[in-house]
Every structure is written in C-alpha cells, then in structure tokens.
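What Swiss-Prot lists as transit peptide is 1-39, and the listing cites sequence analysis. As annotated by Swiss-Prot, domain 'Clp R' applies to 83-227, with the evidence given as sequence analysis. Swiss-Prot lists 88-153 with the feature region 'Repeat 1', giving sequence analysis as the kind of evidence. Taken from Swiss-Prot, the feature region 'Repeat 2' covers 164-227, and the record attributes it to sequence analysis. Look at Swiss-Prot and you will find 242-490 tagged as region 'I', backed by similarity to another entry. According to Swiss-Prot, the feature ATP binding site maps to 287-294, 690-697. Here Swiss-Prot flags 616-807 as region 'II'.
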Amino acid sequence: MALRRLSKSVSSAIKAQYTLSRPSPLLRSRSLSSSPHYTSIGRPTNSFIGKINNSSITHATTTHGQLFPLSSPRRFCTTTAQVNQNEFTEMAWEGLINAFDAARESKQQIVESEHLMKALLEQKDGMARKIFTKAGIDNSSVLQATDLFISKQPTVSDASGQRLGSSLSVILENAKRHKKDMLDSYVSVEHFLLAYYSDTRFGQEFFRDMKLDIQVLKDAIKDVRGDQRVTDRNPESKYQALEKYGNDLTEMARRGKLDPVIGRDDEIRRCIQILCRRTKNNPVIIGEPGVGKTAIAEGLAQRIVRGDVPEPLMNRKLISLDMGSLLAGAKFRGDFEERLKAVMKEVSASNGQTILFIDEIHTVVGAGAMDGAMDASNLLKPMLGRGELRCIGATTLTEYRKYIEKDPALERRFQQVLCVQPSVEDTISILRGLRERYELHHGVTISDSALVSAAVLADRYITERFLPDKAIDLVDEAGAKLKMEITSKPTELDGIDRAVIKLEMEKLSLKNDTDKASKERLQKIENDLSTLKQKQKELNVQWEKEKSLMTKIRSFKEEIDRVNLEIESAEREYDLNRAAELKYGTLLSLQRQLEEAEKNLTNFRQFGQSLLREVVTDLDIAEIVSKWTGIPLSNLQQSEREKLVMLEEVLHHRVIGQDMAVKSVADAIRRSRAGLSDPNRPIASFMFMGPTGVGKTELAKALAGYLFNTENAIVRVDMSEYMEKHSVSRLVGAPPGYVGYEEGGQLTEVVRRRPYSVVLFDEIEKAHPDVFNILLQLLDDGRITDSQGRTVSFKNCVVIMTSNIGSHHILETLRNNEDSKEAVYEIMKRQVVELARQNFRPEFMNRIDEYIVFQPLDSNEISKIVELQMRRVKNSLEQKKIKLQYTKEAVDLLAQLGFDPNYGARPVKRVIQQMVENEIAVGILKGDFAEEDTVLVDVDHLASDNKLVIKKLESNASAEEMAA
C-alpha cells in the first residue's frame, strides 16, 4: 500500500478520528470528559491525509468501526479517539496503514491487532524483526503463527468496507501510554510490541506461545535502541548505528575473514603506541595507494583477537566506519549529522571499548556540508581532541596534503604513521603468507617461483602502481586464469568436439548423393567419425575423472581451513578438550584424506597425458605481465631464440645495406631479452647519423615491427615541431594555467600507455636547445616527470634519435677515399661524431649508448630497394586479383633512373610511382587490366632510349619468355 507524504502546509492539521463502537475496559475505566484523548464529535473541516486501500482519507470518524468522512451523515456515535499522524514515527505509521492492506488481502473487513503484527513483520529491515531477533525469536516462525491466526478468522467476499477492530484500538491507546513511560516524543514500533501484552484477543496468547516474557522484550528493545530516545519521526536510522554503518574488523578476524598480515610490525606497534595515549590518541596511516594501509588496521584487529596487544587495547572492538552508508539515504538536512552523532555517541558510551577505523579519512572533510551546515570533520574534532573518540585513519599522501593539511585544527588531532612501499624481498614474504588463501579460493596450486616472479616482474615493469598490491593482483589473475581453464572444456577435447560437428554436417550433406566419389567420401567420413567419437569418449571420461578428483582435493582443503579456524577459536576460549579433539582427531583425518586424494590424482595422471593443469608457474605470471604492459616476457621458446640469433637477417628484410647499424641495434635487443641490460636505463639509446634517404627511419620502423609485429607501435616525435622555445613544454605537458594542462604531454602520455615501445626523435638537430634538457633525464635514469607530477618510465623503451649532421662529410669521404670499406667507415664515423659534438652539448652526447653512422647507398643496394618497392606494388595489385611480373632489366632501369647518392632511396619511390604505378592505374581505369590478368613490367629493347613498357601478359607465357 502506497503511503503518500504529507505536504508541510497541511501536515499540522492532519488527524484521523475513530469512533469506538465497543469501548475497551481501558476506555471504560476513564472519564471521557476529563481524558485528553477523547472529545465529543464536532464537524472539523476535511483535510487530506493519505490513502487507505486506494481511497482518500480525510478527518473521519467511525461508526461501529466503519470509516466515514465527517461530512457524511452519521446515525450514531459515542466517543471519538483522535489519532494524529504526526504522533507516529514513519515506520509505525506505515505499519498501521499496511495493516488495512493485510486485512483486505485476507478478505477480512475488521482490521485487528494480528493484521498490524503481520504488517510490522513484513517491513523490510523493520524494527519488529530486529527486536525479535535480539530476543532470540525466529521471525519466520512469528510470521507463520500470525498468518495461521489470521486464517482462522471469518472472511467476507467483499472486504472493501473495512472496519477498525477493538483490539487494534487498544493497541493504539496502550502504545501512547508506553511512549509517555519511555519519555519518547513519537509512537514507535517498539511501543506497539509492548502494547500487545495488553491485547487479550491476540497479543497475550501469542507471546505466551512464543515464550517471550515482557522483560525479555524490553531488554531486546534496549539492546536495539541503546541509550537513544525517539525524538523524531525516523529514529531507526540512529539505532545500532555502529552495526549499521560499520564493519566489525575484530569479529571478521575472529571468523577468519581477513587475510593474514605479514610484516608491518613497526607500523602496527606505532599505531598501538598512539592509541594508548591519553589525548589525541588518533593515528592516521599515510602512504601511496596499494602499499598496505588498510592491512595495518586489519593486522591490529587480528592482534586484538589473539590478545597480542597491551592492556589498554585488550578485548577492544575495531569498527571500520563506512562513510558511504552514513551519507546514503540522508534525504533531509540534519539526517547525516544525526547519524554521525549517533555513531559518536555509541563509541563514547562504550568507555573506550570501541576504536573507529575510517578508511579514506579525507572524505570526512566536507562530507555532509551543504547550505552552511557543518561537515563531518567539525563534528569529530571536539571528541578527537579530548580523547573520547579513538580513531584510526588511512589516506594517501596526495589526499592528506590536499584535504587534511588544509585544516590545521583537524591535522593536529591526528598523529602520522608513514607506510612506505615494501621491498621486493618483503613482498615475496607477503605473497608466501597469502598463498594459501588464493590457492583455496581458486582451487589451484601456486608455485614459489610464481610468487618470486610476481614480485620481481611487478617491481620492474609495472611502474605506475605500488608493491605489494600489484604483485598480489598478478598472482590473483594468474590463479583466476588457471581456474577458468580447469572449469572450461580442455582445448584438445574442444577441438575434437568441433571436428565431430563439422564431419556430422558434411555427412548429412553427402547422404543423398549417389555418385561414386560421394559414397567414397561418405565412407571416409564415417570412419573418421567413429575414430573421433571413440577418442572423444575417452577424453570425456578422463576429463570428468580429473575434474572430480581436483574438486575433492579442493573440498578437503576448504574443510581443513574451517577446522583450523575452529581450533584457533577453541584455543582462544580455553576450550582445550574441543581444541585437542579437532587437532588430533578431525584435522589428522582430513589431512590423511587429502594426501590420499592427491596420491590418486598423481597415479591417475601417470597413465596418460593430463588434460587439466593446476599449478600456477612463473610462465603464467609473465604472461599476465605481458598482457598488462605489452612487454614480451614469456620464456624464450626455441623459435624465438633462433629469431634473436638471426635478428640481423630479420631486420635486413626491410633495411638494405647498413650492416653496422643493423648489428648494433640487434646486439642491444639481444642484451635486453637475455636480461643483461641495465634495468634503470632505457633498453638502448642510439643516434642515427647519415645522409637523407639511407634508412635511418626505416630501421626504427623495422625494429618496432619486430618487437610488436606492427610498425604502428613506434612513438615518433618530429623534432621540427619543437623549434620554438614555447613548444618544448608540449613534450611533458603544458604548465598549470595554460591550455592543455589536463591533457598531459605528447610524449609522456603515449609512453605511459605503451611503456614498451620504440621512441623515435626524428631530425633531432632541428629541435630547440631546451629539448635536450628534458632528454638528459630520459637517457640517464630512464624516466621523466610530466607537468602533473607523474613519473613516466622509459626503462622499457628503445630511444632512437636521427640526424642529418655531417651528411656532406660522408659523401665527400666516400668519393675521395680509395681505402677498404671498413677503414673508410671508421674515418667517416670519427668525422661525423666530431661534428655532432660541436653541435650538441657534452652532457647530452655523453648519455647516448652508441653513435651509428649510415653510409650512402650504392647502385646494387638501390636495385634491392627497387625490388622491395616492386613487391609492395605487387601486393597491392593482388588485392584486386591482378598479378604483377617484372624482369631484371626493368629493375635495373628503375634503379638507374632512381639512383642519386645525395638523396638516397627516396627518388626510387618517386620513379616507381611515375613510371609504374601511374601507368598501371590508367590501364585499370581504361579496362586494359582486369581481374585474373597478369601485368608485365619490361624494357622496350627496340627503343633507342630503353623505355619502360607495361603490358598485359598473354596466358601461359612467363616474364622470361616475353623478355626473350
């Protein structure tokens, strides 16, 4: 039944008058003229107060319990009980209104006390349910008994004209009496429950059957209400405030719900020391996200449960306050403050037995403050300063500086406990302590090598997060991945299932064919199906057996974990008989069963290949890191080993010539993949110098293509865009107050999202000198701090800078020197590097790993480049289903036309575009070349100037035949 809110303008005038057709003994015992609750019936004006059973309710009276509007004719009436909605709490009034609905659903006209009880019990999170639970009464049995009583009452076919029963009238009057006795301002649900002891129709016999004494009920009400009084229409929000808005960490530790806390002894001891102070006994744990601030509070809770704390903290409760729950649902001004005051009152009333833990404590600054109201921090300050409220806070360094330090009055009430990131060795210890929990959750076994690998790889490659959180996440995700594989169908079995389905479909399509070939194919399919189905059956049996054995092992481990918790609980309570029975009886039996199940699984796997894998290894951890960062960290397979050894050949597929440059780059990659490079610097840093068009940028693209299987993974920064002083800041981000501050730097943002990449600074000599100040830190420490203070790691990048400095020296040296190629290269390199030293500052040059000088291309290398470009044209035409063939003479002619030592290989591309691609494009548009045609590129030997000729190749003729 919907209960409509009253508008403020008419709420003060809302009343419902009920005429009692048969006054109760309680009413008869009073003088009607002197009772303030009764008045003779007048004719008050109608005021809308809500709806009952979809009928509008106004000021009304009842004749024999029937509700009538006051304006309607009344045949008789005796007395009138005035019931004002504003005298009831929201939950009590809602229960009263819903009682009419309960009666209507039961097809009963008279609304009695049992209908009110049913309505109160059906309220979600209602007070009646909480009180009965505290009294040790099962709510479902109470509701069942109420329904049984209601079902025995007479029913009518039409329950629209509902009447108010005398028993409910008695409940209403007695509830008001209990309200006065308890010094409350409003009638609440607990007053209704106490009034049932005066109800001779239903309540007295009902509570007697439930064996619920009135004193037990009063004690339960006191437990739920505490010291709170009903002073507003929504008092339930202040009852059991700590239980409603907090989580008891000590109780969770007692039940084994918290993860074990390894280490952090100094921080926990410091917190205990601060908590034992007389005033300002409030530690605040400060540290980066993920270093274990909340774990310190959980570790303290576990110590309290074990009794491993000083006397002032023995048997204390540590409650984690949920600020979100405090704020949620606080619709009106003052609701939040009342809830928080109720929490503080409960903590203060516990006389130091309760310690609050507020995670993300910076949220209390400004929480609940609106329209000039005080925020939560101002409500907490007085009690924090006097030592009446012991509170542990936790927040990050940034948020502490941003929120807490700006309020000195709040800051001085807290004592800082700094929580630093643990070392890799400490992280490994933490992971070993957590291993059992994650093994139990995922049903897998986690090897020690996986834990070590998680700590080491997380520290090196996941740079923007902190230990131990990132290492724990790696182990958790690797366990989840393996669990997914265990619960899913094995790859081998899944492949067979798909093959069977494919053959079944093929069999159906061939079933009606009568030719010999189809029958032979059908027979072959049936034979294959028979073999596959037999193998499928065997694998299914093996899979189910393996899965059942692994499930049994997991259930034994869970049972052992539960028994260990019971042993700890018994030892804490000094129930030594129970502890001995569990430890030397139940636990030993379970351990024997676990060993037997593990032995059965091992024996089963000895007879065939295992379909399921249950051990998380360092390979799994490396695979997860690779997926997170894009860094290829999985163990080197034999194919990749061979590929690394032959890396020069791989790069030479795209870069023609430049043997010295390719070898230097390949050596750097091999060092990195073998784990020999300096972990605190970029993988390698090169300066490529040489004439234009000799392959400097192409080598960088080829390297990116090898590392990522796509050359788009290269981070290319064209330094000609950074020639002005004001443009330099774009690399790391605009300073505060400038446009683009929130967007970050054009270099740093890309590398943050793709930490393993080839960073190419193209034409570095064109950059403004201030750019080199930024590059110094990048080349030396492998990191840059952007404009927002974030540290961006370049430790997994290959940094390449290209420059055209000294290109004229290179050309002159090659023209005028007759020595060997190696000797000429050394002379040329010395000259170019010396020229670079004159153009760049010494501190910049000193940080580059290697200077690589590219040589001009000769005619043979240009011919190879022509072949590369022609293969590119051929691949483009194949997409249009047109084949391309070319003769050696055509390649030589194109190389001759495109060769210019001063410009490198770029003229080749222009020549091929003009003489080959343009002609073929015109032929396609004219219709000379269509699909399935073969286009021949050849030299016209009959012409005096050996022109290039492009024509359609006749079928069954090769390029060599046409050339002949």
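Every residue, even glycine, has its Cβ placed from backbone N, Cα and C.
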Here are some binding-site residues: G287, P289, G690. Which one has the most Cβ atoms within 10 Å of its Cβ? G690
Counting other CB atoms within 10 Å of each candidate's CB, the least crowded of the binding-site residues V291, V694 is V291
Here the binding-site residues are K293, K696; the one whose Cβ sees the most other Cβ atoms within 10 Å is K696
Over the region 'I' (242-490), work out the mean pLDDT and round it to an integer. 84
Looking only at the domain 'Clp R' (83-227), what are its DSSP counts of helix, strand and coil residues? 94 helix, 7 strand, 44 coil
